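Residues annotated as region 'Disordered' in TrEMBL: 1-43, 545-565. For 8-38, 547-558, the entry in TrEMBL reads compositional bias 'Low complexity'. Per TrEMBL, the feature transmembrane segment maps to 299-320. Annotation comment: TrEMBL describes 325-539 as domain 'CDC20/Fizzy WD40'. The repeat 'WD' annotation in TrEMBL covers 378-410, 508-541.
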Amino acid sequence: MDDPQTPPSLTRRPTTPQSSSLSHSSSSSPSSSSSTLLNLPPNMSRTALSLDVDAASSSSSSASISARIDRMVGAGYNPSPSRTIYSDRFIPSRSGSNFALFSISPSANEGKEDGAGSYAALLRSVLFGADSGVVSPATPERQWVLDGNVSPLSPPNRNIFRYKTETRRLLYLLSPFGFDDALLPGASPSPSKAPRKVSRSPYKVLDAPALQDDFYLNLVDWSSHNVLAVGLGNCVYLWNACSSKVTKLCDLGMDDSVCSVGWAQRGTHLAVGTNNGNVQIEYVPNAEKGEYGFSWAKLYPVLPLVPFLSMFLTFFIFHIHRKIIWDASRCRNVRTMEGHRLRVGALAWCSSGLSSGSRDKSILQRDIRAQEDFVSKFTGHKSEVCGLKWSYDNRELASGGNDNRLFVWNQHATQPVLKYCEHTAAVKAIAWSPHMHGLLASGGGTADRCIRFWNTTTNTHISCMDTGSQVCNLVWSKNVNELVSTHGYSQNQIIVWRYPSMSKLTTLTGHTYRVLYLAISPDGQTIVTGAGDETLRFWNVFPSPKSQNSDSDIGSSSLGRTQIR
């Protein structure tokens, strides 16, 4: 019988009867040619290989040999589950495979393994989906013959590598390709952490009498030493987040008021912008470390280890530490710098430099080490400057104004190097990303309500998100790629966003007035918000740097409502 798989250009050698290796008749005499075909040794004749059997045994022997050959070939053989046939080639047995998990309907001969058909159907389902039966569109003239059916050419299914839920986790771990949940609409997502829960209630509320309800002011800032500065009327108060102690820093008098506050990066100097156009620099050394750069309290655990000197050391440390605390508590005014003609509503530190923005439309660059009040002047805004922020590498300064403009400056030019005019309202909310160089976020006022993202490296507008309400402040998380925004008219809400998807992680409410002020703690986990309702609210919104749910000194205070002055 001709082999249908043999190409027409090839011919097969006909099989001769002499090629049989077994003879059922003892009277058949072998020929020399058949001996040669059998390749017998010289001292052995074909007669020695003949078997003398009767007719009955001959038929049974033939049936037994035929059945044995069928088992070897596997034609019509139903394998026993308790027996495994091994061979010299590794050909995996798919008799125990559960093809229902791959959306493959069972074949007509259920319980039997059709090697080529089952494997082809499985491969087709894995590569092109359960509903597709075509090959790659690169060969449109080809057709597949699967399970005896010819599948016509059709566009390939987009559900590549689509599996059922039962095998999703195993296939994700074993597959060399890896899987994307977007490519698996019918499958359960890969094992992942539970979504982070954010408390919708503040863990602390402080009364802040005389906290102004003015969109263009910046009256709250949090230092790297965990001290919160708040401008209330004509005074500045300090609140220690570790001890909850409140200290009055300065009083400007009846003819002036506080318009902005800003901590230096080291946390030892506080800039105060006033309504008269001045900028005061207040020195606030760390009382806990004193002026010697280390904490005397670290020596206390050592005292019990030196019993002979403990009394002497305790007396010595007590008196010296008492003097250091008193000196450290002397918050004194370092200097007062002039230059602006109107109120100073925005401040931004850059190492030892300080930038101040004013209602007189100018930005002054100051150096507290120099004798001059300012070293350079930036002009470009057509209205009050209400937002200022230096980038994390201290190379670029972003400014927003009431002229609906967002400018980017550097230290070597008095004119903006980048100008963005897409906002349709005042730009106060400005924040640089700590995760990506040159990524800048800005928010517009009531007529705009949008958060926009810019790439200052390529000078491109990345995206825009309409928040539905006035954007008052923006701040990025240092621990995760998220940011928080505070809003005014008309919802007065606080929103935590995931970037770059800009999906809302949570929305916090509680303020009854516009949430005009925002600051983040030095550990990056807690934010404080201030509003015209004269309250400061503390929220735990971001995880720790190592994503550990350990309590910090900031959030360890008990829930309660206290007064900041």
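Heads up, the Cβ atoms here are built off N, Cα and C, so glycines get one too.
Counting residues 6+ beyond its ends, the repeat 'WD' (378-410) has Cβ neighbours under 8 Å at 215-216, 342, 345-351, 355-359, 361-365, 416-421, 423-432, 434, 437-438, 440, 442, 444, 448, 454, 456 in the same chain. Sorting the repeat 'WD' (508-541) by DSSP state (H, G, I as helix; E, B as strand; all else coil) yields 0 helix, 19 strand, 15 coil. On the 0 to 100 pLDDT scale, the model's mean across the domain 'CDC20/Fizzy WD40' (325-539) is 94.
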